[in-house]
Amino acid sequence: MSPESKKLFNIIILGIAFMFMFTAFQTCGNVAQTVIRSLNSTDFHGSGYTSMAIIYGVFSASNLITPSVVAVVGPQLSMFASGLFYSMYIAVFIQPFTWSFYTASVFIGIAAAVLWTAQGNCLTINSDEHTIGRNSGIFWALLQSSLFFGNLYIYFAWQGKTQISESDRRTVFIALTVISLVGTVLFFLIRKPDPENILGEDESSDDQDLEINEPAQNNMTKAADAFKKSLQLCVTKEMLLLSITTAYTGLELTFFSGVYGTCIGAVNKFGTEEKSLIGLSGIFIGIGEILGGSLFGLLSKNNRFGRNPVVLLGILVHFVAFYLIFLNMPGDAPIAPLEGTDSRAYITSSKEVAIFCSFLLGLGDSCFNTQLLSILGFLYSEDSAPAFAVFKFVQSICAAVAFFYSNYLLLPWQLLVMVIFGFCGTVSFFAVEWEAAAIVARGSDYRSI
């Protein structure tokens, strides 16, 4: 197998492994609050929103040390160990207890930080300046396929049900745990790439990637260097600007992955289909994500205008989605009680409009995330693990804040927060993209990415 074929193989395996893991985890996150509402008449008294706030809060703090972990352990073993903790969190729902639920939330927060830092590093060392855009699109499309498969089962299995029974819950979460473990094992199929022609490296480089070369320094020194690079990157102008964009992706991640499905499931006007519509919503979010990732991955090499048009498309799509959700959903839907809400929206709540908005949320999210992955892999090719750690640090802390306020804020206020951050994040991304070629200061053809 040629070096380029090996790298492409690694990207595909990486995407498939994440697809299996997140088929389980994103489906779990999408239905968690609905399942928990059915449990709160028992001895279980947890909150899905609070759990996700804990996950993303721990996630954000852990990102400060994950470059050191990945530098010492390597991306492959880092992702495998993280996958085991993901599977443990999902398994908690088979027989949930409040203490185990929140304890698992802490552990998965740490695991997620390691997983995503290792993923960003693996993506970068298997790419060069001409393939980073394509590979980001391939990975994102495969990853977001996860939204399709798990939610398809939820749609058919829960159709016509207003309450989730114990047998339904156990069946779903046993299956999701097995699926997550399959994805975890797949990480062992990723092969070590050949050292030459890795993004950001040349023969004279003194800063060889930590994961693909034989260690020339002891593990403590490597860990300390990775931690130092993370702190240095945090205060660079480019990373500060990109952090605004990243903050927006954290807020809208919370909204489409946890809040919006809960809103749909709480609208009593949708009748007996309200619970199965949560699964259908997840499917259409996934379709939007897959379409965006595939489209922007295929077009990346022929894009003469850089990344800005894709991000502009993303924010316009999201603004349309937010406006339609504002009109179509009752304001108290995110914080409705177990019996749901009978409040009126500005228009008669429509299932078709709700599902169309799910598609728009997914499409817009893929616009932002594929371009952020691409520009980070391009700008910080020689510091990939610290750069992706900073990216996930900002994204996860904003997601944690959003999950926390989702317990209290009415829907219009949540939408307003996202509109403000979305506008500012788009402007800041434009500024970095316009200066990217000068920042990197290399001879590569930037417009071909």
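The backbone N, Cα and C atoms fix where each Cβ goes, glycine too.
Ranges compared are 277-298, 387-408, and TrEMBL records transmembrane segment for 277-298.
Counting Cβ pairs under 8 Å to the transmembrane segment (85-118), the stretch among 53-73, 170-190, 277-298 with the most such contacts is 53-73. Long-range contacts of the transmembrane segment (411-432) within its own chain (CB-CB distance under 8 A, at least 6 residues past either end) are made by residues 238, 241-242, 244-249, 251-252, 255, 259, 263, 307-308, 311-312, 314-315, 318-319, 322, 325-326, 329-334, 368, 371-372, 375, 379, 402, 405, 439. Counting only same-chain residues 6+ beyond the ends of the transmembrane segment (310-329), those with a CB under 8 A from a CB of the stretch are 245, 252, 260, 263-264, 267, 296, 303, 345-347, 349-350, 353-354, 356-357, 360-361, 363-368, 370-371, 411-412, 415, 418-419, 422-423, 425-426, 429-430, 433. Here the transmembrane segment (170-190) has Cβ contacts under 8 Å with residues 10, 13-14, 16-25, 27-28, 31, 76, 79-80, 83-84, 86-87, 90-91, 93-95, 122, 150, 153-154, 157 of the same chain, all six or more residues outside its ends. Residues of the same chain lying 6 or more positions beyond the ends of the transmembrane segment (277-298) and with a Cβ under 8 Å from any Cβ of it are 26-27, 30-31, 34, 133-148, 150-158, 256, 260-262, 264-265, 270, 310, 351, 354-356, 358-367, 370-371. Residues 47-49, 51-52, 79, 83, 86-87, 89-90, 93, 119, 122-123, 126, 138-143, 145-147, 149-151, 153-154, 164, 172-173, 176-177, 179-180, 182-184, 186-187, 189-190, 257-258, 261-262, 278-279, 281-282 of the same chain lie 6 or more positions beyond the ends of the transmembrane segment (12-33) yet place their CB under 8 Å from a CB of it.
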